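First the structure, in the form of structure tokens, and then the observations on it.
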Amino acid sequence: MLFDTHAHLNAEQFNEDLEEVIARAKEAGVTNMVVVGFDRPTITRAMELAESYEFIYACVGWHPVDAIDMTEEDLKWIEELAAHPKVVAIGEMGLDYHWDKSPKDIQKEVFRKQIRLAKKVKLPIVIHNREATQDIVEILKEEGAAEVGGIMHCFSGSAETAKECVNMNFYISLGGPVTFKNAKKPKEVAAEIPLGKLLIETDCPYLAPHPYRGKRNEPSYVKLVAEQIAEIKGLTYEEVAEATTQNAKKCFAIN
Ligand SMILES: [Zn+2]
């Protein structure tokens, strides 16, 4: 069993061959996945997929890069969707200082609004962080995000920051980068964070693991992430697959 906690099967890159991608995922042992929507079109598609496939769940929120586009109606819509039985988390939300489409103060405001919404609907949050670790940690603390907790998605920070997030009730999710030869930090995180606090993901179609780096990523490749973590921790692949699946089910309150 494998749980891909962050997949964008709602991306247009999967329009042509979604059924084959899903078949390969099942063959690789993927038993559950969460499809993440982060704007109007991708949320709509995530909901369609969650309603069509029993093993697919949805996470709905607004991406920080597009924070400037989010309206009050969008926020209200996300709140309504949160009541849907297949919606298991709010996000991805957070801060992205790599791109400057949305000014920092607007990103922060939209991030805070979504944390408050998640607390209201009692769902965990999925955090996107790019070059903004300090501000993310500060806002999570100020907003009392530990109350709902959630996931630091495709975590790329230090083991020290990862521990700080674990103390705030967050799971650390590792993706393709942990398999890259030169990825020192994700490997340290895999080594130092207890297995009970780790999740695995693809973030497909992005960030394909070695040896597919640079190609389109897909949920079946999450197996490579589990194998890498097992190697780093000196555990069996089965132990990592089982533990990360149970962690994800606990995080998303899935039976
Ligand atoms: Zn994502």
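Here the Cβ of each residue, glycine as well, is placed from N, Cα and C on the backbone.
Because TrEMBL annotations are produced automatically, they should be read as predictions rather than curated entries.
According to TrEMBL, the feature divalent metal cation 1 binding site maps to His6, His8, Glu92, Asp203. Per TrEMBL, the feature divalent metal cation 2 binding site maps to His128, His153.
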> So which binding-site residues out of His6, His8, Glu92, Asp203 end up within 10 angstroms of His128 (divalent metal cation 2 binding site), measuring C-alpha to C-alpha?
Replying inline: Glu92
>> Within 10 Å of His153 (divalent metal cation 2 binding site) (Cα to Cα), which of the binding-site residues His6, His8, Glu92, Asp203 do you find?
In response: His6, Glu92, Asp203
> Which chain neighbours of the divalent metal cation 1 site, leaving out His6, His8, Glu92, Asp203, have a Cβ atom within 8 Å of the mean position of the site's Cβ atoms?
Replying inline: Ala7, Val36, Val126, His128, His153, Cys154, Glu201, Thr202, Cys204, Tyr206
> For His8 (divalent metal cation 1 binding site), what is the tally of other C-beta atoms lying within 10 angstroms of its C-beta?
Replying inline: 22
>> By a 10 A CB contact count over all chains shown, which of the binding-site residues listed here is most packed: Glu92, Asp203?
In response: Glu92
> Which residues, sitting 6 or more apart from His6 (divalent metal cation 1 binding site) on the same chain, put a CB under 8 Å from its CB?
Replying inline: Val34, Val36, Cys59, Glu92, Val126, Ile151, His153, Cys154, Ser173, Gly175, Glu201, Thr202, Asp203
>> Using a 10 Å radius around its CB, how many other CB atoms surround His128 (divalent metal cation 2 binding site)?
In response: 24
>> Tell me the coarse DSSP state (helix, strand, coil) of Asp203 (divalent metal cation 1 binding site).
In response: coil
>> What's the number of neighbouring CB atoms sitting within 10 A of the CB on His153 (divalent metal cation 2 binding site)?
In response: 29
